[in-house]
Amino acid sequence: LPLCCYLRLVSAEGDPIPEELYEMLSDHSIRSFDDLQRLLHRDSVDEDGAELDLNMTRAHSGVESESSSRGRRSLGSLAAAEPAVIAECKTRTEVFQISRNLIDRTNANFLVWPPCVEVQRCSGCCNNRNVQCRASQVQMRPVQVRKIEIVRKKPVFKKATVTLEDHLACKCETVVTPRPVTRSPGTSREHRAKTPQTRVTVRTVRIRRPPKGKHRKFKHTHDKK
């Protein structure tokens, strides 16, 4: 669990965590609980002793045999547990699924082998909630896969190339969140008033064709005098 997430969880359950603590964590490199203890200048011996006294009080309050056995098991588990170490921001091996869309989007009647490969990606947590582990150097790596098509109920093997993205270096970068733009109702109305509105009227005109008819033949008649 990242340290900042743990502090937010504790703050939600009990007293609020002061912002000064987040600022202290952002300016130092904390890799273990000892580093955190030295940074906060707090001795954990008294806390461990108080925890042991609390366990002993609970042991005597109930049934002595069952409570004492549970207390011994809890003390044994605490002694055997190793100290937690922060997951540093660095490259790690992850599994990348090769989908069929990366090879051919027009055809779905084929299989890809291998269906997944290993890539190097940045992961880990940073000491401040305002920074994230991101890649600072990236390399594109082409790999060759098999495209298995089914033609007339028989497999046909073809070769295809897929480009993978590997992360070579990582660092904790500041996360820039875009601020939402809030507009008042009056501003939107003024913007609409300033914007010229043009209306286009389209008229449909029907052209009437003359009726089809036979050509009449006119006979020339001489004028009688």
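Cβ atoms are placed via backbone N, Cα and C, with glycine included.
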Per Swiss-Prot, cysteine bonded by disulfide to Cys126 (from Cys5, Cys170, Cys172): Cys172
Partner cysteine of Cys89 (disulphide bond, per Swiss-Prot) from Cys5, Cys125, Cys133: Cys133
Disulphide partner cysteine [Swiss-Prot] for Cys170, chosen from Cys116, Cys122: Cys122
Close recorded positions near Cys172 (disulfide bond), where close means Cα within 10 Å, chosen from Arg100, Ile103, Cys133: Cys133
Integer Cα-Cα distance in angstrom, Cys122 (disulfide bond) to Ile103 (site 'Involved in receptor binding'): 25
Distant-in-sequence Cβ neighbours of Ile103 (site 'Involved in receptor binding'), under 8 Å, six or more positions away: Phe110, Val112, Val145, Lys147, Ala160, Val162
Rounded distance in angstrom between the Cα atoms of Cys133 (disulfide bond) and Cys126 (disulfide bond): 7
